[in-house]
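Features reported for this protein in TrEMBL:
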- 43-147: domain 'Thiamine pyrophosphate enzyme N-terminal TPP-binding' (DOMAIN)
- 240-352: domain 'Thiamine pyrophosphate enzyme central' (DOMAIN)
- 451-575: domain 'Thiamine pyrophosphate enzyme TPP-binding' (DOMAIN)
- ASP481, ASN508, GLY510: Mg(2+) binding site (BINDING)
Amino acid sequence: MDTTINMLDSCKPCNNNVGSPSQNGTASIQNAHTPSLASPDATLGRHLAHRLVQIGINDVFSVPGDFNLTLLDHLIAEPGLNNIGCCNELNAGYAADGYARARGVGACVVTFTVGGLSVLNAIAGAYSENLPVICIVGGPNTNDFGTNRILHHTIGLPDFSQEVQCFKPVTCFQAIVNNLEDAHELIDTAISTALKESKPVYISISCNLAGIPYPTFSREPIPFALSPRLSNNMGLEAAVEATAAFLNKAVKPVMVSGPKLRVAKACEAFVELADACGYPLAVMPSAKGLVPENHPHFIGTYWGAVSTAFCAEIVESADAYLFAGPIFNDYSSVGYSLLLKKEKAIIVQPDRVIVANGPAFGCVLMKDFLRALAKRLNRNTTAYENYSRIYIPDGVPLKSEPKEPLRVNVLFQHIQNMLSSETAVIAETGDSWFNCQKLKLPAGCGYEFQMQYGSIGWSVGATLGYAQSVPNKRVIACIGDGSFQVTAQDVSTMLRCGQKSIIFLINNGGYTIEVEIHDGPYNVIKNWNYTGLVDAIHNGQGKCWTTKVFCEEELIEAIEMANEAKKDCFCFIEVNVHKDDTSKELLEWGSRVSAANSRPPNPQ
């Protein structure tokens with residue numbers, strides 16, 4: 001069994017394998033050194049910094065404040081750890097989210113309460129997406145705890161617990177480090193818990209502790225080890241036996257991957273199962289990019305009424321379907337309108353298997369289950385053969401007339417041609433969800449979006465963090481104008497970091513996804529001169545190129561420039577389209593979600 005502690009069975013491109021199996025079966029952190037005697041460098045701050053580097057973090061995203069300044073001094077003094085100063089805490093959190101998607105873990109550093117509550121929304125998003133983000137907060141001086149004093153950056157009460165109380169629902173562990181005796185234990189427990197649970201953690205460090213040497217810290221700390229999670233062998237065998245019996249008697253079974261493949265580290269096992277059984281392979285929308293789309297039996301995205309063409313027909317007409325790591329919410333189910341039946345479904349969660357209306361098996365790890373099941377299933381290609389018979393290749397957008405106003409489907413036809421193993425796509429909440437979902441990802445092309453939480457503006461910070469974590473890829477971000485207005489500032493940080501991402505700013509004059517759910521004057525926004533804004537942020541410092549496009553001819557020229565003469569620049573392309581130019585999928589999805597939202601109350 002794989003025992004590494006980070007992105008070990010990685011579901012996304014990852015350039016830093018941080019864990020390696022040890023001989024005793026536990027997982028230890030690489031690059032460990034023999035501990036030295038306590039020295040002036042053996043401080044709490046340097047211990048935390050070294051731990052972050054050990055688990056694969058080379059960049060922390062921060063906003064300085066008086067409670068975290070000394071801590072930041074010690075973090076930036078650590079070789080291999082780079083501080084990325086962000087324009088606001090929300091974007092620092094989104095950047096740590098994006099970083100964790102590619103690297104396996106991320107970190108942000110903010111100040112007490114005003115910083116902590118600002119980053120809270122981003123941490124909630126990371127929690128919903130099962131991302132291990134380490135949120136570090138500079139806390140009050142140790143002498144102020146329990147004194148009934150009122151501090152600045154608080155709500156004016158002597159109780160300092162407000163911040164941690166807010167973080168409890170959106171983190172899996174909270175460490176309040178306000179003494180040196182248990183600081184080592186709390187920090188290590190928090191980090192290991194984040195990695196084991198694949199959820200964010202909160203670490204508050206009193207502002208007067210970061211620079212103090214203490215005997216429990218060594219300049220080169222001994223690596224901690226994580227015991228590997230193991231399946232219950234009897235439960236595993238029973239689950240496999242029941243599932244194999246169920247699927248082997250089916251005539252046209254299918255398999256669908258869900259977003260929890262990532263947290264289960266089961267992407268490779270899922271593909272191995274697909275190779276063995278011959279079933280058609282689909283993905284839920286939030287799982288796009290987790291399995292290779294060049295697999296010979298890949299049939300697209302299963303998203304109910306807005307699925308890839310011919311995909312829903314095959315999935316919903318199957319007499320058995322295996323869902324690995326699904327999340328069925330109102331958005332992924334298109335307003336609870338999926339045509340699925342529980343008695344036909346095998347639901348495989350990260351540590352649990354449910355067979356139709358029958359038995360459920362706990363303490364069974366998804367990765368173990370899928371690999372064992374691959375050895376027990378009869379090969380059955382009936383459903384895929386049915387798909388091959390009904391499949392008709394995608395059409396292409398109508399050819400544009402000379403200087404005709406640009407259409408969104410033409411834009412994404414050209415974005416499709418930009419994709420390669422050296423690119424990654426970031427899709428913002430909105431119509432980009434649907435247009436990017438239709439992109440066909442080449443092998444090795446990254447793909448990320450935030451479907452469960454759906455916080456508009458997420459993509460700006462996520463683009464910053466993702467690009468910082470995988471500098472060998474060029475990130476292509478598709479962002480609507482309304483979302484960009486929420487978090488635009490950290491284009492500045494992308495320029496400071498010398499990133500070469502391409503942002504397509506889709507300017508259609510408002511919150512189009514909200515218009516299709518429920519229209520109103522509140523969905524119209526003030527139009528900005530977006531390229532002018534980015535030029536002002538650039539201010540002649542760094543490599544930046546901007547342009548506006550209104551027709552296909554201008555788009556072709558812009559993409560050619562971004563890919564060739566400006567390939568080493570940050571490129572910002574403002575795409576102006578009609579306010580009602582949306583994907584057909586958004587029109588369908590919006591009406592169904594609107595119907596779900598407007599259901600009347602049940603009779604009392």
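The backbone N, Cα and C atoms fix where each Cβ goes, and this holds for glycine too.
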ASP481 (Mg(2+) binding site) CB neighbourhood, other CB atoms within 10 A: 24
Nonlocal neighbours by CB distance (under 8 Å) for ASN508 (Mg(2+) binding site), same chain, sequence gap 6 or more: GLY480, ASP481, VAL577, HIS578, LYS579, ASP581
Per-residue pLDDT averaged over the domain 'Thiamine pyrophosphate enzyme TPP-binding' (451-575), given as an integer: 95
Same-chain residues at least 6 apart in sequence whose Cβ lies under 8 Å from GLY510 (Mg(2+) binding site): ASP481, GLY482, ASN523, VAL524, ILE525, LYS579
